[in-house]
Structure formats: C-alpha cells, structure tokens
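Trainee: Relevant sequence annotations retrieved from TrEMBL are reproduced here:
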SIGNAL    1-24  signal peptide
DOMAIN    25-320  domain 'Plant heme peroxidase family profile'
DISULFID  C35-C115  disulfide bond
ACT_SITE  H66  active site, proton acceptor
BINDING   D67, V70, G72, D74, S76, E88  Ca(2+) 1 binding site
DISULFID  C68-C73  disulfide bond
DISULFID  C121-C316  disulfide bond
BINDING   P163  substrate binding site
BINDING   H193  heme b binding site
BINDING   T194, D240, T243  Ca(2+) 2 binding site
DISULFID  C200-C225  disulfide bond
Amino acid sequence: MASISLYLVIVFSFVSLLFFSSHAQLSTNFYATTCPNLPTVVRGAMTQALNSDSRIAASLLRLFFHDCFVNGCDASILLDDTSTFTGEKNAGPNANSARGFGVIDTIKSQVEASCAGVVSCADILALAARDGVALQGGQSWTVSLGRRDARTASQTAANNQIPGPSSSLSTLVTMFSAKGFTAAEMTVLSGSHTIGQAGCASFRNHIYNQANIDPAFATTRRANCPSTSGSGDRNLAPLDIQTPTRFENTYFQNLVAQRGLLNSDQVLFNNGSQDALVRTYSQNNARFLADFAAAMVKMGNLSPASGTQTEIRTNCRRTN
C-alpha cells in the first residue's frame, strides 16, 4: 500500500510539473543542450520571411506585445478558436489586424524537426520579435528562454488590457503601469511604431477630427482613408511616413512634426509629460535603440499568473 501511495504522489507531482509550471526562472542558455541551434533556425526563418514580406517584423513585434500584455508571454494569442474554445485572435485589438501566425508555424515546424517537443511557441515568438527588429536596423537584445505555452486564453482580457489607437496619454500611462512599466518605458515601447502599418479605421478620427496634426500630413492620409466609417477601413498607411521598414528614431521625429498616425502616437508629444523624452529620442537614435531594447527585455519577463496551466505545444495553434 505504501509503495502504491508513493507511486501516486510521484505521478501527481509529474503531472503538476507538466501542466502548471510557470516560466518564472528564465535563462539565456535554457536550450543550450536540448536545442542548441534554435537561435540559428529562428534567425534564418525570419530573414527569409522578411525577404518575402517587409511588414512581418512589425507584425510579429505586435503579436509579442499583444501576447505578453494578456496574462504574460505565454503564446495564448496563437491559439485558434474552436467550437468549444474562444481564444484571443478575434478580440477587438487583434481581429483583422493581427498577422504573422504562418511565420510562427513555419519556425515551429523547423524547430520541431530539429528538436521535437522541447521549445515552446512562446519562446519562438519572443525570439522572432527580437530578430525582426534587429534585421530591420534595431538594436538586438538578449532573450531569456524557458517560457511555456498556455492551455487557456482570454478574449475578455485582450479586449480590456491592450491599449487602443485612440487612447489618451493618461490611459496609456495607466495601462502600461498596470503591467509594471513606467511612463518613460511606455513611450519608448511606443517607438515600435517606427515600423509597420495601420488600417484606416484606427486613424480615421485622428486625421479628420483632431487639431494636433500637421494639415499637410492629414491631407496625405485622407487620400486613402475615406471619412465614412466602414469605407476603406482596412486601407493601410505606414505608421512612420519616413522609413516604415527601418527600425530607428524617425517615429519620434514625426511626433515632433505632428505627423503621428494614431491618436495614441501623437498624444506622446502634445504639451504633456512625455514631450521632453520624445524630443530626446527624436535627436538621439542610439539612446532610443538602447532604451527600447532594455524595455523589451522587461516585456519578455511578463509571466503568466501562478497556477496557470502550461505545456510545450506541438502545434502553436492548439493545445496538445
């Protein structure tokens, strides 16, 4: 009887470890022996993806941000909806705009071929986001690894915890503070909008109805974004009108010139608390890149709540 009890305790302990381990203790050499070529595989796949789609770096950076802001960096955003499961892909901030899932699938397949059942989708997304920034001219950073993949997701949290394009400065400060970021870190992370594009619906109100915008810039953007809601909602415009596929401080130069595409961009430079920092970044690219890299390390350390069920998914789109 004693041996049976001991066996059950061991089995229960193993199952608990398998499904409830968090990634509180991340490590830069987590896969050094189990999947040593992981960084090479991810970098190669990202290079190829960028050669085919110059937007993909921005798309994966956004995916990583939207993932981490909802119960930590756990790849919950990658889970598809099913008849019995509602994920985060169709939440307001993600529906018809989140993209890059196929690239993550491709990387995951290549990683699985090399070291099956070892590397989490959450870690792949973290590495891909970093490599995309670096490949488009940004400063690289060290990605600690050992994240695990969530078995759950929360559309409600995605709807409520991810800042929207019409956010005010006070809303941005509050929402980032809730995740442990300072106002300065919020501002530098907003610099991710130095690459990528946005749909007309997300900036229509800013270019037609607000005063803190350069008139000539507003006119340019209106040419491809009709004033009527529902008309051309998904027409794209670059978030950085100068160098939309180059990761550098031109985003902040645009803000100083009142050429921020989104309201949530321009509020960073609008006679408010972040004006001085925006001006500093607009004049000092090295400072921006270094501060951004440091803030991304902090972003990557956002962990799921204690007790969250986790695993290493075989397919990033569904639980095992």
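Placement of Cβ uses the backbone N, Cα and C atoms for every residue, glycine included.
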Trainee: Taking just the CA atoms, what is the gap between the residue listed as 'heme b binding site' and D240 (Ca(2+) 2 binding site) in Å?
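Mentor: A Cα-Cα distance of 7 Å.
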Trainee: If you measure C121 (disulfide bond) to C68 (disulfide bond) at Cα, how many Å is it?
Mentor: 13
Trainee: Given the recorded positions C73, S76, C200, C225, state which is nearest to T194 (Ca(2+) 2 binding site) when distance is taken between Cα atoms.
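Mentor: Sorting the recorded positions by distance from T194 (Ca(2+) 2 binding site), the top entry is C200.
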Trainee: Starting from C316 (disulfide bond), work out which of the binding-site residues listed here (D74, S76, P163, T243) have their Cα within 10 Å, and give them in sequence order.
Mentor: S76
Trainee: May I have the list of same-chain residues other than T194, D240, T243 whose Cβ is within 8 Å of the Cβ centroid of the recorded Ca(2+) 2 site, in sequence order?
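Mentor: What remains near the Cβ centre is H193, I195, P238, L239, I241, Q242, P244, T245, R246, F247, E248, T250, Y251, N254.
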Trainee: Which whole-number value in Å describes the distance between the Cα atoms of S76 (Ca(2+) 1 binding site) and C68 (disulfide bond)?
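Mentor: Taking the Cα atoms only, S76 (Ca(2+) 1 binding site) lies 9 Å from C68 (disulfide bond).
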Trainee: 10 Å Cβ neighbour count around C115 (disulfide bond)?
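Mentor: Summing over all protein chains shown, C115 (disulfide bond) has 15 other Cβ atoms within 10 Å.
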Trainee: Work out how many Å separate C115 (disulfide bond) and C225 (disulfide bond) at their Cα atoms, rounded off.
Mentor: 47
Trainee: Average the per-residue pLDDT over the domain 'Plant heme peroxidase family profile' (25-320) and send me the rounded value.
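Mentor: Across the residues of the domain 'Plant heme peroxidase family profile' (25-320) the model's pLDDT averages 97 on the 0 to 100 scale.
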Trainee: Suppose the Ca(2+) 1 site is D67, V70, G72, D74, S76, E88. Which further residues of the same chain have a Cβ inside 8 angstroms of that site's Cβ centroid?
Mentor: H66, C68, F69, N71, C73, A75, I77, A150, A153, S154, A158, P304
Trainee: Any idea which of the binding-site residues G72, P163 has the thinnest Cβ neighbourhood at 10 Å?
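Mentor: Counting other Cβ atoms within 10 Å of each of the binding-site residues G72, P163, the minimum falls on P163.
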Trainee: Of the recorded positions listed here (H66, P163, T243), which is spatially closest to E88 (Ca(2+) 1 binding site) when Cα positions are compared?
Mentor: H66
Trainee: Specify the nearest of the recorded positions C35, C73, D74, C225 to D240 (Ca(2+) 2 binding site), where nearness means the distance between Cα atoms.
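Mentor: Spatially nearest to D240 (Ca(2+) 2 binding site) by Cα position is C225.
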